[in-house]
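According to Swiss-Prot, the protein has these features:
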type: ACT_SITE; residues: Lys175; note: active site, proton acceptor
type: ACT_SITE; residues: His294; note: active site, proton acceptor
type: BINDING; residues: Asn123, Thr173, Lys177, Arg295, His327, Ser379; note: substrate binding site
type: BINDING; residues: Lys201, Asp203, Glu204; note: Mg(2+) binding site
type: MOD_RES; residues: Pro3; note: N-acetylproline
type: MOD_RES; residues: Lys14; note: N6,N6,N6-trimethyllysine
type: MOD_RES; residues: Lys201; note: N6-carboxylysine
type: SITE; residues: Lys334; note: site 'Transition state stabilizer'
Amino acid sequence: MSPQTETKASVGFKAGVKEYKLTYYTPEYQAKDTDILAAFRVTPQPGVPPEEAGAAVAAESSTGTWTTVWTDGLTSLDRYKGHRYRIERVIGERDQFIAYVAYPLDLFEEGSVTNMFTSIVGNVFGFKALRALRLEDLRIPPAYVKTFQGPPHGIQVERDKLNKYGRPLLGCTIKPKLGLSAKNYGRAVYECLRGGLDFTKDDENVNSQPFMRWRDRFLFCAEAIYKSQAETGEIKGHYLKATAGTCEEMMKRAVFARELGVPIVMHDYLTGGFTANTSLAHYCRDNGLLLHIHRAMHAVIDRQKNHGIHFRVLAKALRMSGGDHIHSGTVVGKLEGERDITLGFVDLLRDDFVEQDRSRGIYFTQDWVSLPGVLPVASGGIHVWHMPALTEIFGDDSVLQFGGGTLGHPWGNAPGAVANRVALEACVQARNEGRDLAQEGNEIIREACKWSPELAAACEVWKEIRFNFAAVDVLDK
């Protein structure tokens, strides 16, 4: 017997398996201000008590494993273990529970979303004792928030760079998303920007394919930006997508965008990964580039109500990792997004301090201290008739992005941009005059049609378009 084994045996080590709840279920635990708090929706397998299921989550996402190990005696488990300190039954669900877990801050590397997620949502999601598991929310303590740079610039700095205030920003995703040559792509960018949009965007599907290599696209888009700026007197931008197969290639594209003098680049933070995203965000801050974030792949992770990670958690992770814009759903368009839930995570993106509010799905009070805010981007199946609702729902600090709702205009791209800009200006003016956009929205748009034939044509095309489907992810009643 080795000396280490003898020493361990002498202090009472007992090999074997014991229930997780004996160590990790600690209802008497008082969460510390420095703890990371998590709310999990737990669906145990039949026969597994909820206390044991919740404790298993705390164990397997912190210091625990399936059996006792003698090396437990070489550290302080009470200092490092996760604490499942509260559990509550989900209203209206027989076999679902919300388990609250507190994680000591020393479990996590400073400034690393990658490490935080690897621990909290790692192997535990495949645990056999659980039928399903969903991370509903995280409370990130200020002590941990302060280890992150966060967004490269934030809302106020972006407005100052663009010299645009008092209204939402307008964007457009270039369509068709795939197949255009670089020159034709640049032409569409120019026409949309000249027509009155603030931004155009690479579709998330666009990278560097045989029909359009990234360098060619960057050059033609830069030409379109400068030409439209000269003609309109407004600062313009195009989200040049830097996402690539390697981090080195991603950075090369960002460097080229900076050399062209364009104001903004784009990244897919979920498919590209948190490490790559954080690296790009640091580069963007150091070099004066805004960073637009797309959430491609999010619905694979967040759409099902009983399993995965809620988007409010992914939104918090993005604010920590870094991004100046992120797509957040529209409430009224073609993509999933219930109003109260959407407004909850929009506040988590923009505000410095957000109170707990279960009516909007916010499980914890979140203090972002000095971390800059992120502009939510409403995009997906929206058109001019949606403008009053979008302006009322998202307010000024947002980006309203119309792809088909610009490029599908019967008269072409520039008139489509004009229609959207006129509709937005009409809604902002009406709101500033005290009119109710929710009740008078259609009337406001019809009035604006009288002095904008471009808007009138757009209204005629999309007057019957609705996306009236029940949301999959809704609040517990």
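All residue numbers here begin at 1 and follow the chain in the order shown.
Glycine is no exception: its Cβ is also placed from the backbone N, Cα and C atoms.
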Distant-in-sequence Cβ neighbours of Lys201 (Mg(2+) binding site), under 8 Å, six or more positions away: Gly171, Cys172, Thr173, Ile174, His238, Tyr239, Met266, His292, Gln401, Gly403
Neighbourhood of Asp203 (Mg(2+) binding site), C-beta criterion under 8 angstroms, separation at least six: Thr173, Ile174, Lys175, Lys177, Leu178, Gly403
Fewest other Cβ within 10 angstroms of its own Cβ, chosen from the recorded positions Lys14, Lys175, His294, His327: Lys14
Rounded inter-Cα distance in Å - His327 (substrate binding site), Glu204 (Mg(2+) binding site): 11
Top Cα neighbour of His294 (active site, proton acceptor) in the set of recorded positions Lys14, Glu204, Ser379: Glu204
Distance from Lys14 (N6,N6,N6-trimethyllysine) back to Arg295 (substrate binding site), taken between C-alpha atoms, in Å: 48
Lys201, Asp203, Glu204 excluded, remaining Cβ within 8 Å of their centroid (Mg(2+)): Thr173, Ile174, Lys177, Asp202, Asn205, Val206, Tyr239, Lys241, Met266, His294
Least buried by Cβ count (within 10 Å) of the binding-site residues Lys177, Arg295: Lys177
Sequence-distant neighbours of Asn123 (substrate binding site) in its chain (C-beta under 8 A, six or more apart): Glu60
DSSP-derived structure type at the residue listed as 'N6,N6,N6-trimethyllysine', helix or strand or else coil: coil
Secondary-structure category, per DSSP, in which Asn123 (substrate binding site) falls: helix
Longest CA-CA distance among Asn123, Thr173, Lys177, Arg295, His327, Ser379, per record bound to substrate, angstrom: 37
Residue pair Ser379 (substrate binding site), Lys14 (N6,N6,N6-trimethyllysine) - Cα distance, angstrom, rounded: 58
